[in-house]
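A.B. asks: For 21-42, 62-80, 92-114, 218-244, the entry in TrEMBL reads transmembrane segment. Taken from TrEMBL, the feature disulfide bond covers CYS154-CYS177.
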Amino acid sequence: MASPSRRLQTKPVITCLKSVLLTYTFIFWVSGIVLLAVGVWGRVSLAVYFSLLDEKATNVPFVLVGAGTVVVLLGTFGCFATCRGSTWMLKLYAMLLSLIFLIVLVAAIVGFVFRHEIKTNFESNLNLALKDYNVTADRHSEAVDTIQRTLQCCGVQNYSDWERTEYFSQKGIPQSCCKRPNDCSEEDLKDPNKAKLKVFVDGCFFLVMSTMESKMSIVAGISFGIACFQLIGIILACCLSRYITNNQYEMV
C-alpha cells in the first residue's frame, strides 16, 4: 500500500487529470453534436447526388448520424465515469473510444479505396437516368433536372449525350438544360445546331464529381479530426485509471 505522503503527492496529479478529462469529454460530446449536424447536412445537400448512387453509398450520412449519436452517449458515459473515478468505467471508456477510432479509420480507408468505383457507378447511373428520362417520371429523372439546373450543365459528358436518348426523338433536349427557360422552344431543343446556342454545353459528370468531392472532403475532414481527437481521450482515461489504481485513491 502506498504511504500517506505518496498519496498526498499524487492527489493533485489525479485532480488535474480528472479536470482535463472532464474538459476533453465535454468537447468530445460537442463533437458528437457536430457529427450529427454534418450527417444531416450531408443528407440534405447531397441528396440529389446520392439518388444516382447505389443504396450503400446513400447510407453514408446515416452512418455519420449514427456515429454522432454514439459519440454523444459515449461522451455522457465518459463524464459520469470521470466524476465517479471508477477504474473499470474509465477502462471501458478507453476501450470504447479505441473501438470507435478503429471503426472510423477502417471506414475512411474503405471510402478512399473504393472512391473510383463510386465515380464509375455514378457515371453509369447518370447515363441510365438519361436513357430512361421522363419515361417513368421517377426520382432519377427529377435528380437529372435538379443537377442540370443547379450546376448549369447538360448531359453526362456534354449536351450531345441527349441526342442518343428516346426522349430527344420525342421532345428534344430537356428544358432543364436551357440557359434561359423562356427562350427555349421545343423546335429549338429538337435541333442540335439551334440547341447548342440555347442550352448549357458542358456535361454534368465532372461538375458533379468536383462538387461531391469538395463537400465530402469537408465531411471526411471533420470525421477524421474527431477520430484523431479520440486518441487524447484514450490516453487520458488510461492515465487516470492507472493513477487511481496504483495509488489506491478514493474519490470523495
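Positions of Cβ are set from backbone N, Cα and C atoms, glycine also.
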A.B. asks: Tell me which residues of the chain lie with their Cβ under 8 angstroms from that of CYS154 (disulfide bond), as long as they are six or more apart in sequence?
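C.D. replies: Those within reach of CYS154 (disulfide bond), by Cβ under 8 Å and sequence separation of 6 or more, are GLN148, ASP161, TRP162, ILE173, CYS177, VAL199, PHE200, VAL201, ASP202, GLY203, CYS204.
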A.B. asks: Just to be sure I understand the packing, how many Cβ atoms besides its own are within 10 Å of the Cβ of CYS177 (disulfide bond)?
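C.D. replies: Looking across every protein chain shown, the total is 26.
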